[in-house]
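Feature annotations, reproduced from TrEMBL:
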DOMAIN    1-138  domain 'Nucleoside diphosphate kinase-like'
BINDING   9, 57, 85, 91, 102, 112  ATP binding site
ACT_SITE  115  active site, pros-phosphohistidine intermediate
Ligand code: CMP
């Protein structure tokens, strides 16, 4: 069974949508292997989003991601990466399909409610970034 990494970003936690998003995750068919509330430090955000460091939005992104608590999750399902990306919708909520998490809860491209891994390889890296093996069910 495959895994992906998911994050409920500070905008969605702040606006009280975390509970509904967790219910949405379970209704979409994922098993939650790990979950915690954490305020990401600026240094952690810079490292997590290092791949975007040359982009114009990088400073804004890492500042936002460290601005308040997030919920980080390790999710399991068949085709977990693809299923989660389909469940959350496009990065920009204006382009996200009806019924997706970003369509329902995101404000804009930056404050877009949730994150999802873009490949199986990055899913493993991102899960390991936030979770010790002992923090995962069955780990
Ligand atoms: P995420 O899936 O967490 O991965 C990279 C993030 O960069 C993305 O979600 C967006 O929140 C953010 N991002 C992408 N493009 C922009 C943009 N033009 N302005 C601000 N943030 C952006």
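Note that Cβ sites are derived from N, Cα and C of the backbone, with glycine treated the same way.
TrEMBL annotations: computationally assigned, not manually curated.
Locations of recorded TrEMBL features on the structure.
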residue	record	contacts (Cβ under 8 Å, 6+ apart)
9	ATP binding site	64, 65, 70, 111, 112, 113, 114, 115
57	ATP binding site	110
85	ATP binding site	116, 118
91	ATP binding site	102, 109, 112
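Taking H, G and I as helix, E and B as strand and the rest as coil, DSSP gives the domain 'Nucleoside diphosphate kinase-like' (1-138) the counts 64 helix, 26 strand, 48 coil. Highlighted here are the binding-site residues (9, 57, 85, 91, 102) whose C-beta falls below 6 Å from ligand 1: 57, 91, in sequence order.
The recorded positions 102, 115 differ in how many other CB atoms lie within 10 Å of their CB, and the one with the most is 102. Taking all protein chains in view, 23 other C-beta atoms sit within 10 angstroms of the C-beta of residue 112 (ATP binding site).
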